[in-house]
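Noted in TrEMBL for the protein shown:
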DOMAIN    529-793  domain 'G-protein coupled receptors family 3 profile'
TRANSMEM  529-552  transmembrane segment
TRANSMEM  567-588  transmembrane segment
TRANSMEM  600-623  transmembrane segment
TRANSMEM  643-662  transmembrane segment
TRANSMEM  688-711  transmembrane segment
TRANSMEM  723-743  transmembrane segment
TRANSMEM  755-779  transmembrane segment
Amino acid sequence: MGVMFSFIVCNLRGATHSPVFSMDGDFVIGGVFAIHYNMMTEIHNHNTMPEPPKCTGRLNQLQYFCTELLPGIKLGYQIHDSCAAVPVAMQAAFQLSNGQDNVFYKDKNCSQSGRMVAVVGDSGSTQSIAISLIIGSFDIPQVSHFSTCACLSDKKQFPNFFRTIPSDAFQAVALAKLVKHFGWTWIGAICSDSDYGNNGMASFLKAAQEEGICVEFSESFLRSNPISKIQRVADLIRRSTAKVIVAFAGMGEMDVLLEELATKPSPSRQWIGSEAWITDTNLQRFTFCEGAIGFAIPKSNIPGLRDFLLDLSLTEVVASPVLTEFWEKTFKYTNTENIMIIYVHVIKSNILFFNEDLQKVPNDFILSSQLRITTMVYKAVYAIAHAIHNVVCVDKNATVLTALKKVNFTQNGYSVSFDTNGDPVAAYELVNWHKGESGNIDSLMRIILKIYFVPVSVCSDRCPPGTYKVLQKGKPICCYDCIKCPEGEISNTTDSSDCFPCPIEFWPNAERDSCHPKPVEFLSINETLAIILAFFSVGGACLAILTAAVFFHHRTTPIVRANNSELSFLLLFSLTLCFLCSLTFIGAPTEWSCKLRHSAFGITFVLCISCVLGKTIVVLMAFKATLPGSNVMKWFGPLQQRLTVVLFTFVQVLICTVWLVLRPPFPMKNFSTYKERIILECALGSAIGFWAVLGYIGLLAVFCFVLAVLARKLPDNFNEAKLITFSMLIFCAVWLTFIPSYVSSPGKFTVAVEIFAILASSFGLIMCIFAPKCFIILCQPKKNTKKYLMSKK
């Protein structure tokens, strides 16, 4: 009696989606690619089972893989079209996980098809996330060729995910640095409303902020959004003040957006593209995108691909709807009959002629050295093949998933390996769109920064040196006003956030972008004012000497002898010193000149006033002596007159000595009077000492004035007291006016006021006291007699 075996038979429910390409083998690699970009939408009546979703729309670049790494082992494949849609990608993932058998026998170890060991795909990050979450439960590794979302590097969520294209974490930083390189600090940003676009844009915005780049707007959208949404994004770009637009979007989104922008003219924009669309030749029909730049996957050559395409038989082309569509796209023929005519022509012609015709066709598959995305598929398949090789030949206890983590090989000059996150080493080409000779945007991508026109895209122009930035209220940090630096401060860099003061001896130039030494101001001998004052000073001294010479020549005449000629000569000597001491005030102050000018001025003026005071006392004593019984002149004779002058002068010498010993005047730089220049002057040292010197001179002058007033009405025909009264009146008026003028005059004019006071008072004395006598001596000699002088009026 035979042994009976019973198996539970399980059938797949629903209709399966047939792969676009498939071949059975010992090991099967699954493939999910966005061959088309749209999923056909159908309205279901819920009465019949719906058909599997179908793909439609533009044919994307075909992906291709083959390997000769495993001789003796048949490597199969099963390739599905995801239509760039998550539902279709998920159905393909479930179908790949189930296997290719429609009937499953429970408890039976034999399978009718090869083992599904890995999946290559998908193109979009969102689709890859959905696939990874499904096949990850079965420890089936997934190697994506075009999913760049940085989120897929998370091994806790996606332990089975690998990729041969760099993560967007690197591209986002590179794009931010590219924007910064051209000085674009005011940009607009758009992205696909998907995991790829949103995560990539988030990484870019973070990197842009670190680079000091401001974003005017950031919008996300999908190609499947209502047209009103697409129009709103397009209008936002048209109205934008930013002239640079960073687009982290897929080809589908860029296609619908650029179509909308093409409907209405808009200002020229500089487009910065991510790798998803910057190399799409279909988008190059939009000529207003000329100059677009971005990072792309490096292009490379795939050995054997060109020969494979040229060797396709007519039967193979006609039997595959996808290949048929591919040839229709390549040769612009729209039905199978025309394709058959092409092949008949090829068969009847020399094969070389056919090859030359293909080379004229603008298709990257024929020019196999221009491939970018397909190269990533090539690397993914070889990575899986190496992992299978290690499992079969090296470590039979390992899984393909474990072996993939250790893959490290070089194929056709390309290094392939994965880090702990399943990511490869990042490498990009910098590409730039520009017009060719035909006037259309050239499909040739260059690894150079050859931008024919670099626009300026900033919210605010850069602040030049001499200004600083003040942020505009309620706007990003890139929007600011340029404010001129305050007085006394500079900024010597562009876009300075603040100004800083110059050192105390420096002052900003007119542009306030550099500090220059302040001009030093003092009463220089080269100045007109100093020359005039010096002229009057020397002239006054010469006048005093000339007067002394006249008096000495006529020393025996009554008018000279009438009032103590000795005091007159001493007075003229002191006046000469008064005139000359004003010269010590001219020139740059030094330690010795500061000490000399005030002490010499104080002592010579006291000597002068003492002489005048002595002469006034002599006049009074002389009048008293004419009274009967008076002998007052013996108490105020020549000796007493000399002692009076010496005593009064000694007091001033004592005051000056104490001043010079304790706190003498010293040269100093005055920074407070003028901000923009330095006043070189003599500091008083002790204000008490200075005002004590002036006060003592004033005290003697007032005393002399009072005595002169008392003696002004004496009966002599020549009463010197009147002249002394008038001279003291001028002297006091000058020095009373000097005090407020000295205090209020700025800089070198303080010195000029003091010199003027010295000269004015000195001229007042010499003109009032000696000019009338000289007039009589020289012009009216008849009056120069004792009789005339003693006569009463």
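Each residue, glycine too, has its Cβ placed from N, Cα and C.
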Tell me, please, if the transmembrane segment (600-623) and the transmembrane segment (529-552) are in contact, taking contact as 3+ Cβ pairs under 8 Å between residues separated by 6 or more positions?
no
Which stretch, 567-588, 643-662, 688-711, 755-779, tops the Cβ pairs under 8 Å count with the transmembrane segment (529-552)?
567-588
Maximum Cβ pairs under 8 Å to the transmembrane segment (755-779) among 567-588, 643-662, 688-711 is reached by 567-588
